[in-house]
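Everything on this sheet refers to the single structure shown next.
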Amino acid sequence: MSGLLQKSVEKGALGSISSVSSTATSYQGPAMKFELVGKCSKSKARAATMKLPHGTVETPMFMPVGTQASLKGLTYEQLKDLGCKICLNNTYHLGLKPGQETLDTVGGAHKLQGWNGNILTDSGGFQMVSLLKLATITEEGVNFLSPHDGSPMLLTPEHSMSLQNSIGSDIMMQLDDVVATLTTGPRVEEAMHRSIRWLDRCIKSHKNPDTQNLFAIIQGGLDLDLRRQCCAEMAARDTPGIAIGGLSGGEDKESYCRVVSLCTDLLPANKPRYCMGVGYAEDLVVSVALGADLFDCVYPTRTARFGNAITRFGNLNLRSRKYMDDFSPVEEGCGCPICKPKSEGGLGITRSFIFHLAAKETAGAHLLTLHNVYYQLELMRRARRAILQDSYPDFVKQFFHDLYNGDREKYPSWAITALKTVNIDL
Amino acid sequence: MTSDSMASSSFQTIKAASSSTSLARIGALKVRSNSSPVRTPTFLCPTSRGVIPHLSPDNVVKCETTASVGALISVEDFMEKAPQQNSALLKYPGPTRDLFSFPSKFGLALSHRRPVPVPSPQANFDDKVSVMTPEGFKYMTVDMYSEFITKFEPDMVFSIPDIPNLSPGGKPGNNRAQKMLKRTEKWLDELLEQRSKHTTGFEIFAPILPGLAAEFQSNYLQKIKSDARITGISLWNAQAARLSERQAELAKKRDVAKHSGASLDGEAAISTVTSYVKALHEDVSRLAVAYNSGLETPHEVLDLVNSGVDLFVATGINDFTDAGVALDFTFPASEEHPDFGFNLWDPKYATDMTNFGRANRDTVPNTYYRAYVHHLLNAREMTSWVLLQMHNIAVFNRFFEGIQKSIENGTFEQEREKFVKVYGTSEEVQVFRDLYKKKDSVPTVRGYHISYESEVIRRGEGSTQRLNDPPFKKYKEDASQN
């Protein structure tokens, strides 16, 4: 293991050797300082501060997705007011528009967007698979047809790194070989091994290790043995953080929880763990209990545009006529700018008004986007507070109680099972 | 406090028109919500379904609107599907305006239709008018309008005119014209009656009927002049005149026989306005003149200010925003900054890291660059229009402040000429605005906000195309196009 690490350091792709000597509760890399500040005494839930080049992020943290360099319809003032410290951009989309050349000219995505918080970028590989049916994967990289002119193109780990270097994201992801989660058989193993080889290529071609953190991605489908192997290999490469990938693709929740729990057991405790593409409130709460720190999903913003509000008491489809004359706030007691009554400095928006705007005026979507993003951020803030007070199990219980109106019969069995493994009995 | 004494003091001319060639003047309009009287010429921000397009209420607060009297709300936006059912919003326990979370200092004006209404194929009746709801055409009874007025507690109300549904270029016959007058007068009387019972009070704007010569409605005009309960008049016609020109053009192109005699005499809308205004307030300084048919360019504002108009509905802001233009003009025009605006679709802005407009520097707290907005437009991201809208409102706001100053200094007429010299004509800036306009380059169009003109032209061309392109295509369709 140390041999591998030594090799990487020689390549100059990683941070200073001091990272090795860091204690088990903190990690100091050239572009990140990660420090555990609290741990649940029962479950694996943990709270940490993560100092990144563009400010400190307190975990557990949900990161909203600004696919094409803007969070759907919001301005960065609004995003800051919600307390957001880090958001996502998609490498694939930014590579197409505005394009690498533009990003290089203007000096990166932070500058372009006027956003001085942190940015995390994916590798672009996921979009290859999700958007482009004709993508084929070879050892060299992902072959796909350009959506613009249909010409064949190739995304290699080197190209992905180069793009992410141009974007200048604070956290960048390795290119991994993504297979649909439900795939079984040798293809999964092949993808796992290839992802490891691609990580090495990514590390080698990463130009700015002093200002940008490269995260590895654990693959291996739902096969726990493959995941084990992958965790060991990836951890050995000593990237500043590690993501658990290849999930949230239609697998059953039990398997999801098993994989996450296994990975958090094996991964170094002093580094952030990022559950990619996880976004439902229940998944967040359970995954935090299983030891994950970072999450991202388009769900809160996308569902807002369909007129859906995420609330503590369940989701509301505000396009339904039953909300036409419902003059209560979207979520009673919510502290977001739209739900807070006017007397407390909020907007005092009602369900009726959202119904009136939903799917007709974009301002309706903006309002719900504000609410939903706030909800996700606040959920994680509350989780963090609970962890720091060592009352996370109570928080989890209250969360499910609110969500299902106290009806234990309705609690999802996967959540009960998963939480039991970390000593939380719903 | 009697309603009469309130009304008589609501509008005052501060500086009357003094030139023989210009009716431009300074006034002060006092409405309930504004803490102090707003200077005129001023503008209303048009809304769609109770919001200024693209802006959530928290962003409205951040907009620079010091020269604006408030927003215009159109009641047709709130009509519901079931004919018997009134809008659910009427059930709101407080005044309906609170629902929209507008800044409390914002004056709200109420109109039965949008400033640029979708033309209706139905005829009006003695007690109801045809309007376009989000779910199709429907009748709004005058009673229902008054119910909305009660619930909204607006600052200003535009009384409903009876505008007939004419064939292109047509003029109302004698009988129809009589009926127009009779109904409009009756509806105005009912509104005056309602106001006398209303607790909060609101300013009433009486409509002047388009298409009828000022002499024809002289009795009606006389009545408006002498009724102290009326704060101002509203003009509805220029849009129709402009449309007729375009239709005539189209008719010529397509089928001359079918539309024979369709062309209006091309009489400029503006001069019509002038004639009405002249007939009315040459000697009356207590009536505010509102022009609530929307406007396309700042040039039209200047022309109408010159014709004596005090209050505008600034629909042009939305048009520029939707077209991706960051306005940059000022009044007086600046020779140092001769850009009317920046059409941020232009590829030359792809890497332009300058702030996207001068007004933007101090209105939008963050720094947003032309390159960014260009990228957002290119990516069809909604944030582009949010940023542009906030910026363009600020530009219009300063434009109106500039107009007021120049009238005060007596330089309005020469500045108006210079404006055209520096920035080009109204037609030129419209061409500039629409340079990159394509179906998929503008925000999603709804049936209720397609403009009057484009709808008529669309139908005139027999177009059965959808308003918007479908967001997704099958992969193979995509490929076959390449």
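Glycine residues also receive a Cβ, built from the backbone N, Cα and C atoms like all the rest.
According to TrEMBL, the protein carries these features:
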DOMAIN    A:43-403  domain 'tRNA-guanine(15) transglycosylase-like'
BINDING   A:ASP122, A:SER123, A:GLY124, A:GLY125, A:PHE126, A:ASP176, A:GLN219, A:GLY246  substrate binding site
ACT_SITE  A:ASP122  active site, proton acceptor
REGION    A:277-283  region 'RNA binding'
ACT_SITE  A:ASP296  active site, nucleophile
REGION    A:301-305  region 'RNA binding'
BINDING   A:CYS334, A:CYS336, A:CYS339, A:HIS371  Zn(2+) binding site
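Where TrEMBL records a feature, it is marked here on the structure.
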| residue | record | DSSP (3 states) |
| --- | --- | --- |
| A:ASP122 | substrate binding site | coil |
| A:ASP176 | substrate binding site | coil |
| A:GLN219 | substrate binding site | coil |
| A:GLY246 | substrate binding site | coil |
| A:CYS334 | Zn(2+) binding site | coil |
| A:CYS339 | Zn(2+) binding site | coil |
| A:HIS371 | Zn(2+) binding site | helix |
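For the Zn(2+) site, the Cβ centre of A:CYS334, A:CYS336, A:CYS339, A:HIS371 serves as reference, and the other residues of the chain with Cβ at most 8 Å from it are A:PRO329, A:VAL330, A:GLU331, A:GLY335, A:PRO337, A:ILE338, A:LYS340, A:GLY346, A:LEU370, A:TYR374, A:TYR375. Mean pLDDT for the domain 'tRNA-guanine(15) transglycosylase-like' (A:43-403) in this predicted model: 93.
When the recorded positions A:ASP122, A:ASP176, A:ASP296 are scored by other C-beta atoms within 10 Å, A:ASP122 scores highest.
Taking every protein chain shown into account, A:CYS334, A:CYS336, A:CYS339 are the binding-site residues, and of these the Cβ with the most other Cβ atoms within 10 Å belongs to A:CYS339.
With a cut-off of 8 Å between CB atoms and residues at least 6 apart in sequence, the same chain places A:ASN90, A:THR91, A:TYR92, A:GLY95, A:LEU155, A:SER160, A:LEU163, A:LEU175 near A:GLY124 (substrate binding site), listed in sequence order. Considering only the recorded positions A:ASP296, A:CYS334, A:CYS336, A:CYS339, A:GLY125 (substrate binding site) has A:ASP296 as its nearest partner by CA-CA distance. A 10 Å cutoff on Cβ-Cβ distances gives A:GLY246 (substrate binding site) a total of 31 other Cβ atoms nearby, all chains included. According to DSSP, the secondary structure content of the region 'RNA binding' (A:277-283) in residues is 3 helix, 0 strand, 4 coil. If you measure from the Cα atom of A:GLN219 (substrate binding site) to that of A:ASP296 (active site, nucleophile), you get 17 Å. In sequence order, A:TYR92, A:VAL178, A:GLY277 are the residues near A:PHE126 (substrate binding site), counting only same-chain partners six or more apart with C-beta under 8 A. Each residue in the region 'RNA binding' (A:301-305) gets a DSSP state, and the totals come to 5 helix, 0 strand, 0 coil. Rounded to a whole number, the C-alpha distance linking A:CYS334 (Zn(2+) binding site) with A:GLY246 (substrate binding site) is 34 angstrom. The C-beta environment of A:SER123 (substrate binding site), restricted to residues of the same chain at least 6 apart in sequence and closer than 8 Å, consists of A:THR91, A:SER160, A:GLN164, A:MET172, A:MET173, A:GLN174, A:LEU175, A:ASP176, A:ILE217. For A:HIS371 (Zn(2+) binding site) paired with A:ASP296 (active site, nucleophile), the C-alpha to C-alpha distance reads 16 Å. Of the candidate recorded positions, A:ASP296, A:CYS336, A:CYS339, the one lying closest to A:ASP122 (substrate binding site) when CA atoms are compared is A:ASP296. If you measure from the Cα atom of A:GLY246 (substrate binding site) to that of A:ASP296 (active site, nucleophile), you get 14 Å.
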